[in-house]
Amino acid sequence: MIRTRHVFLFAVLLAFASSQTPTPEAKSSEQSLEENKFFPLPPTTPFPTNAVAATDEDGEELCTSDKTIIEKLLNNYKSFRTPSESGVIVWIEVWVQEVNSVNEITSDFDMDIYVTELWMDSALRYEHLNPCKYNLSLNSEILDQIWKPNTVFINSKSANIHKSPFKNVFLMIYPNGTVWVNYRVQVKGPCSMDFSAFPMDQQSCHLTLESFSYNNQEVDMQWMNWTTPLSLLKKEIVLPDFVMSNYSTSLKHEIYPAGVWNELTMTFVFSRRYGWYIFQAYIPTYLTIFISWISFCLGPKMIPARTMLGVNSLLALTFQFGNIMRNLPRVSYVKALDVWMLVCLTFVFCSLLELAIIGSMGARSENRQAQQQKQQDEEATKHQKGRENSTCSHLMSPSSCPNSPRICRNHIPNDVPQSFKSYGSTDPRMRKRLIIASSSTISHAPNANRSEKVLLLDGLEETQFSQVETKFSSMASIKMKKHWTTEEIDRLSMIMFPGLFTLFNIIYWTYYLTVNT
């Protein structure tokens with residue numbers, strides 16, 4: 001009986017000694033805990049513990065329940081005291097769940113995000129209490145009873161923790177005192193709107209996190225450095241008007257009168273999806289411009305039809321421009337769409353200006369033709385009256401003619417050369433024949449007495465003046481031939497307008513499609 005008792009006591013002592021001897025796994029666990037005392041592990045890494053559950057006489061493990069651990073941790077806990085006198089490091093991570101909207105009118109964006117905070121609180125260590133679990137998952141009621149870094153979105157317009165159906169706050173405490181807090185927040189932040197390249201623009205939106213109550217001497221806020229501090233829960237975030245093209249994080253130190261604060265900034269870049277504007281603005285303006293060029297093919301006689309095409313094109317462009325611009329904020333600088341519309345309006349206006357030039361030239365040409373026709377009719381009438389009033393005979397002597405040789409131009413004797421007989425003719429074509437005659441011909445005219453010579457010399461004076469007048473008229477006709485006709489201007493416009501518009505398109509699309517990249 002006594003021997004049996006000694007064997008039992010030896011077994012108990014052996015079991016106790018083996019339980020107190022640390023295994024290699026336990027040693028590594030202790031070393032891991034010491035290494036992560038101030039730099040917590042990622043939340044996905046299970047926190048080991050060196051606590052070994054004791055057993056009762058029946059062989060059942062004895063561990064401390066979560067309720068008991070919480071009661072002991074919160075007993076005499078001071079929530080207003082920072083976890084460390086030398087300051088605490090708070091690690092931040094953000095997961096983007098969804099972007100709800102990007103508003104150009106109010107210059108902001110709305111999104112749902114998960115905000116993760118990690119810090120060490122030595123007052124919440126419970127590994128020595130032999131816990132039944134390696135972590136404690138608690139609700140927001142316990143979070144209100146412990147110390148928090150009071151993280152805020154310092155530049156947000158609004159921020160609310162989701163309540164669907166309860167407050168979306170997650171709290172986990174690890175045995176080494178690591179506190180992991182996660183919020184699901186709907187936040188509205190500002191955007192730096194720049195519409196210079198609209199609708200090929202990119203907009204940048206920012207959210208800044210910082211501790212509202214503690215400067216960086218007490219709370220040193222940092223982005224998580226062992227994982228991606230900012231990530232998307234979706235592969236791609238696409239909105240009706242925008243797509244998230246880039247996102248990044250940054251850290252800067254902001255100086256306030258109360259000290260220096262660490263500001264953690266998230267930057268989101270949204271690129272506009274301009275397909276809607278291609279179909280609603282650019283393609284209709286292309287068609288309007290092409291329609292305005294049809295007037296060049298109608299000819300200078302179709303002034304009313306060409307005017308209708310030009311005016312309707314101008315009104316259509318103005319309506320399209322106003323319909324698109326009314327949904328955008330009023331800015332004082334020129335946008336890419338403004339450049340497009342103004343240039344298109346300029347092309348349509350220039351087509352109307354070309355039409356005005358064609359119409360003016362056509363009207364002047366018609367007036368000139370009417371005056372020439374009227375002048376020809378008057379000359380024909382005078383010629384007819386001169387024939388009827390001619391009463392002198394071609395065979396009369398010179399003495400029977402009047403004293404003034406200008407009145408008796410048709411009364412030249414038959415022996416005068418034929419080139420001089422036409423002097424008195426009112427036909428302009430016949431009058432030009434006097435240019436052939438010279439003074440020597442006149443002086444040697446047969447049977448020409450003094451009166452006849454006076455008559456012919458008088459005719460020579462008018463012939464010389466007529467020759468000078470004919471030279472000037474021929475020079476004027478040469479100059480008139482150098483002027484553009486309406487048909488030539490239309491043909492030139494059919495080449496210049498499409499060519500200049502094509503050049504503008506190359507410059508426009510090359511610049512605005514590459515300005516953001």
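Each Cβ is built from the backbone N, Cα and C atoms, and glycine gets one as well.
In Swiss-Prot this protein carries:
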- 1-19: signal peptide (SIGNAL)
- 20-277: topological domain 'Extracellular' (TOPO_DOM)
- Asn135: N-linked glycosylation site (CARBOHYD)
- Asn176: N-linked glycosylation site (CARBOHYD)
- Cys191-Cys205: disulfide bond (DISULFID)
- Asn225: N-linked glycosylation site (CARBOHYD)
- Asn246: N-linked glycosylation site (CARBOHYD)
- 278-298: transmembrane segment (TRANSMEM)
- 299-304: topological domain 'Cytoplasmic' (TOPO_DOM)
- 305-324: transmembrane segment (TRANSMEM)
- 325-338: topological domain 'Extracellular' (TOPO_DOM)
- 339-359: transmembrane segment (TRANSMEM)
- 360-494: topological domain 'Cytoplasmic' (TOPO_DOM)
- 368-403: region 'Disordered' (REGION)
- 375-388: compositional bias 'Basic and acidic residues' (COMPBIAS)
- 389-403: compositional bias 'Polar residues' (COMPBIAS)
- 495-515: transmembrane segment (TRANSMEM)
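The two recorded residues Asn225 (N-linked glycosylation site) and Asn246 (N-linked glycosylation site) have their Cα atoms spaced 20 Å from each other. The Cβ neighbour count for Cys205 (disulfide bond), using a 10 Å radius and every protein chain shown, is 24. Candidate glycosylation sites: Asn135, Asn176, Asn246. Nearest to Cys205 (disulfide bond) by Cα distance: Asn246.
Taking the glycosylation sites Asn135, Asn176, Asn225, Asn246 in turn, the residue surrounded by the fewest other Cβ atoms inside 10 Å of its Cβ turns out to be Asn225. When Cβ-Cβ distances below 8 Å are used as the criterion, the topological domain 'Extracellular' (325-338) is approached by residues 104-105, 107, 193, 195-201, 277, 281, 508, 512 of the same chain, each at least six residues removed from its ends. When the alpha carbons of Asn176 (N-linked glycosylation site) and Asn135 (N-linked glycosylation site) are compared, the span between them is 9 angstrom.
A strand conformation is recorded for Asn246 (N-linked glycosylation site) in the three-state DSSP classification. Here the Cα atom of Asn246 (N-linked glycosylation site) is found 36 Å from that of Asn135 (N-linked glycosylation site).
Recorded residues Cys191 (disulfide bond) and Asn135 (N-linked glycosylation site) have their alpha carbons 40 Å apart, per Cα-Cα distance.
Using a Cβ-Cβ cut-off under 8 Å and counting only residues 6 or more beyond its ends in the same chain, the topological domain 'Cytoplasmic' (299-304) has close neighbours at 355, 358-359, 361-362, 486-487, 490.
In the topological domain 'Cytoplasmic' (299-304), the DSSP tally of helix, strand and coil residues is 2 helix, 0 strand, 4 coil. According to DSSP, the topological domain 'Extracellular' (325-338) comprises 4 helix, 0 strand, 10 coil.
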